[in-house]
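What TrEMBL says about this protein:
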{"type": "ACT_SITE", "residues": "Ser126", "note": "active site, nucleophile"}
{"type": "BINDING", "residues": "His75, Glu312, Tyr351", "note": "Zn(2+) binding site"}
{"type": "DOMAIN", "residues": "1-380", "note": "domain 'Neutral/alkaline non-lysosomal ceramidase N-terminal'"}
{"type": "DOMAIN", "residues": "383-550", "note": "domain 'Neutral/alkaline non-lysosomal ceramidase C-terminal'"}
Amino acid sequence: QSIDIAHQNMKKGKLFINRGTVENSQINRSPFSYLENPASERSRYSSNTDKEMVMLKMVDENGQDLGLISWFAVHPVSMNNTNHLVNSDNVGYASYLFEQDKNKGMLPGEGSFVAAFASSNLGDVSPNTKGPFCINTGESCNNPQSTCPVGGATMCMAAGPGNDMFDSTRIIGQNIYLKARELYEKASQEVTGPLSSAHQWVNMSDVSVELNATHTVKTCKPALGHSFAAGTIDGVGAFNFTQGSVEGDPFWDEIRDQLLGEPSNETKACHKPKPILFSTGEMTRPHPWHPDVVDVQIAAIGSLAIIAVPGEFTTMSGRRLREAVKKEFDSHGTPRMDVVIAGLCNVYTHYITTYEEYQVQRYEAASTIYGPHTLSAYIQLYRGLARAIATNTVQDLPHGPEPPVFTIGNITLVPPLIADRAPVNKTFGDVLQEVRQQYQARDVAEVTFVGANPRNSAENATEHNFLTVERYANSSDSWDVVQNDASWDTRFYWTKGLLGRSNVTVEWHIPHGTEPGVYRIRYFGHYKKKLSNTHALSVPFEGTSSAFEIT
């Protein structure tokens, strides 16, 4: 539906490019891996993360604002893995702020201006700028294994700049937004010239890479290493896995052998020094666990080349790729190209580290699924695409092997929806816990309703809104919607009870500067009603709080 709407709204316009530095918004979460890269290479850069934001401003023929897309390397993990709310994290908040600024008087998700914040080479980049600390003792765990003296790796977590994860999301998101707005307002360099793109399918488990005249190496069948299970300082794993494992663990290897089968000697040798936890390239039931056939793609708009990469390149991997592509354009008569990496495009293939980072096997390296020469293979492939665009020979590029198409059928790991039930003498949408009569800015207005599973609504309506905050307008004797479920200040909690019963609590964290007046909170849901053993119906309902005053 989004694609349809965008397609119907296409219009002629102009593009402007700008770039600038975003400060205080990222750290390298695997600094010890980064240090494995050659000192001569590291000395060319002032930081172990890429701080540059590249921004494309879009206006129509009359110069009216249409929107922007910006690329910046940071993981949207300011909300850590204890968070159970659906939200779009730091870059989502940046987008929200920009769109609220441009679509004046509109609710989030409405209005014509679109601000897109896209990812780049964010593989080893975290927004949790205070760095890793042991959550039990408070001491730093910034060590090669990210472990704590008491409790091991599971205690080592990074924190953002705020008082809690919501506050950190807000701070990092605002930093990104403010830089984007500044770049947008000052963008004057127009992007003009021809439009071209090159795309290729490639079997990434079998690429021969020519390192130099005498040396050829190969990629491997996909596999994940032991440190994959350790997670990162942004979201730790379970059990006793640690980052930087270059040896397997006999206990877990034995369980793996019994459940999933032992990796072949060929795969083990190819991935060295990675100890293989899951040999996903050799796991095919009920479908292959990882892709072999992957797409590589470059889109060029005038002097801008967008490298669409199928995963998460680390800082140094991204630098090497950008440099190689730029060189390729330079040497084939298209100098001065702006080269940007668009991360996480097309199919997902986890992480891509440099060969040197791969040797120490932290999380990103353990998740470099095609082995130690993955980056070199991609560089070779993207150079080929760049050369084809530069020499106008895209039509001669081999199409590559067709990717397989799977009919997943009705395999699902999501539990089936059961019929919803309301308590005795109550109905769906009834208020169980009422709002207070009066609030001030910075208070939290809270109301609890008899609820139903929100999945009913998600499966029934593409554009469902779960809640509104409404303000009473005297002049028209009506209620105006001022916030919805996408607003930063509202939160929607679903609490599951027994036998199909559940509650919904809506919170409104009343922001500073809220206009005094009379307000109410509404909840919109669907409950599932069983008609027979095979048929069920989803019935829409709503609930409304009492009116309350903000003074």
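Along the chain as shown, the residues are counted starting at 1.
Glycine is no exception: its Cβ is also placed from the backbone N, Cα and C atoms.
A Cβ within 8 Å of the Cβ centre of His75, Glu312, Tyr351, the residues given for Zn(2+), is found for these other residues of the same chain: Leu122, Gly123, Asp124, Val125, Gly311, Phe313, Thr314, Gly343, His350, Glu364, Ser367. Note: the CA-CA distance between Ser126 (active site, nucleophile) and Glu312 (Zn(2+) binding site) rounds to 12 Å. In sequence order, Arg29, Leu122, Val125, Ser126, Pro127, Asp234 are the residues near His75 (Zn(2+) binding site), counting only same-chain partners six or more apart with C-beta under 8 A. The Cβ of Tyr351 (Zn(2+) binding site) lies under 8 Å from the Cβ of Gly123, Gly311, Glu312, Phe313, Thr314, Tyr363, Glu364, Ala365, Ser367, Thr368, Ile369, each of these being in the same chain and 6 or more residues away along the sequence. In the predicted model, the domain 'Neutral/alkaline non-lysosomal ceramidase N-terminal' (1-380) has a mean pLDDT of 96.
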